[in-house]
Amino acid sequence: MIVFVRFNSSYGFPVEVDSDTSILQLKEVVAKRQGVPADQLRVIFAGKELPNHLTVQNCDLEQQSIVHIVQRPRRRSHETNASGGDEPQSTSEGSIWESRSLTRVDLSSHTLPVDSVGLAVILDTDSKRDSEAARGPVKPTYNSFFIYCKGPCHKVQPGKLRVQCGTCKQATLTLAQGPSCWDDVLIPNRMSGECQSPDCPGTRAEFFFKCGAHPTSDKDTSVALNLITSNRRSIPCIACTDVRSPVLVFQCNHRHVICLDCFHLYCVTRLNDRQFVHDAQLGYSLPCVAGCPNSLIKELHHFRILGEEQYTRYQQYGAEECVLQMGGVLCPRPGCGAGLLPEQGQRKVTCEGGNGLGCGFVFCRDCKEAYHEGDCDSLLEPSGATSQAYRVDKRAAEQARWEEASKETIKKTTKPCPRCNVPIEKNGGCMHMKCPQPQCKLEWCWNCGCEWNRACMGDHWFDV
C-alpha cells in the first residue's frame, strides 16, 4: 500500500509500505531519503505521535493516508514517553495510545443523553458494552462519523476525524487529550495540544472531517453530520418501522430515530408545502418528524441529503423566507420572485433590474398587482367614464364588459386573509377558513372576517 509522507510540513512524497511495517521502519525509510537521523523523526497522524513499535495496520493507516513526519531534536525522556515517542513502550502503553487515537474516537454515545426516553438503548452504557471495553480497545466495526461528500460521492458517507494546528494549519499538532464529546470537536478552541512543526508555537486544535470513501488531499474537507450515526442497536425507523443503518437521531427529548430515506421524503414533503421553520438563530430548518418541541435541526448541512436539485430549492425558499421575515416582499411577476427590501410604508415597489436579478416590474406592495394610484379595492370597481361627446347607456355599458363577470366572481369567491391580506378563494364548504401561508396560518370566518370562534361555529358555520 502507499502512504503519503509530508516532511517538515513542506512537500509530500509516496512511500510504499506493508500492513505489518512498523513506524520505526517507516522512519528509517524517510531518514535515508532525507539524509537525517531516524531517531530525530516524529511521525504525526490524527492528532497523535505514533510510537515506534506500532505497525501501519495498528495505526489505522489506510491506502493513500497522509502522515506528517517532522524532524525535531530528542526531548527529555519523560517528555518523550508522555508523547508516545522514541522510547520503547509496552503493549499496555500501546493500548493506551490506541484508545486515545482520533481513529478510535466514538462520539455516538453523546448523540443521546443518558436520561433520554425510549431510545436510550442506543447508548453504550449496558453491561455488554462495558465488558467489551474491559477487554481492551479495538477498532470499531461500525462507522463513528458521517459526512456529506460534495464530490465525487455526492451523498452521505463515513467520515474520518482529523486535527490540525490552529496557527500553521498543518496536521502536525499532537493533542494533550482526545475529544470526549461533540462539543469538543465542533466548538472552536476547546481542545489544545502542541504543534510539532519547526518554529511553530501553536497550541490550538482545529478539528475537521474528510470523506472516508475515497482518498483525499489536504484541502478536501467535509462538514460532519453529527445527528447521523450507525444503528448498532437495530432501532426501527419512526416512519417506515424498518431497521436501517445509518439513521438520523433528532435532538428531541425522546431522541426519535428516522432512516435516511424517510428523512429525505420528510424534507421534500415539507419543502413542497413550504412548511420549513424559519428560526432567527438557526435559519431554515425542520423539527422532529413527530412534532416534538425544541427539536429543530441545528446543523443545516443535514439537508444536503435532499440532493443538489432539492437543496437548491431549499436555499431559495430559505432566502425568500428570510426576506419576508425582515419585512421585505417578493416580486410577484411569474418567473422572477426576487427578494426586495423597500422602505417602511413605501407602496410603490420596483423590482430593480440593474443587479441582474430583478425584472423591472413596478407593483403595489399591498395587492401585488401592477402599481396603481388610489386604493387597491378600486381595481375591482368599475372605473367612471370621463366626459366625452359620445355617450352610451350606463346599464348597457355594465352588461357589455367582457371581464366584469370574472371580476364579480372573484369578488364573491375570494377574500383577503384578515391577518396577511393574501387572497384566499372559497370553493364551497363551510365558513371556516385557514390561511395557507406558512408564516400566517390564521383560522378565520369567511362570513364575518374575524378569527374563527365558537360564536361563528354556532351562528353561521354552514351559511350559504
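Every residue, even glycine, has its Cβ placed from backbone N, Cα and C.
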Which candidate, of Thr80, Thr91, Swiss-Prot gives the annotation phosphothreonine: Thr80
Residue distribution over DSSP helix, strand and coil in the domain 'Ubiquitin-like' (1-76): 15 helix, 26 strand, 35 coil
Cys367 (Zn(2+) 4 binding site): secondary structure state under DSSP, collapsed to three categories: coil
Cα within 10 Å of Ser65 (phosphoserine) - qualifying recorded positions among Lys348, Cys367, His372: none
Lys348 (ISG15 cross-link) as reference: those recorded positions from Cys364, Cys367, His372, Cys376, Cys430 with C-alpha within 10 Å of it: Cys364, His372
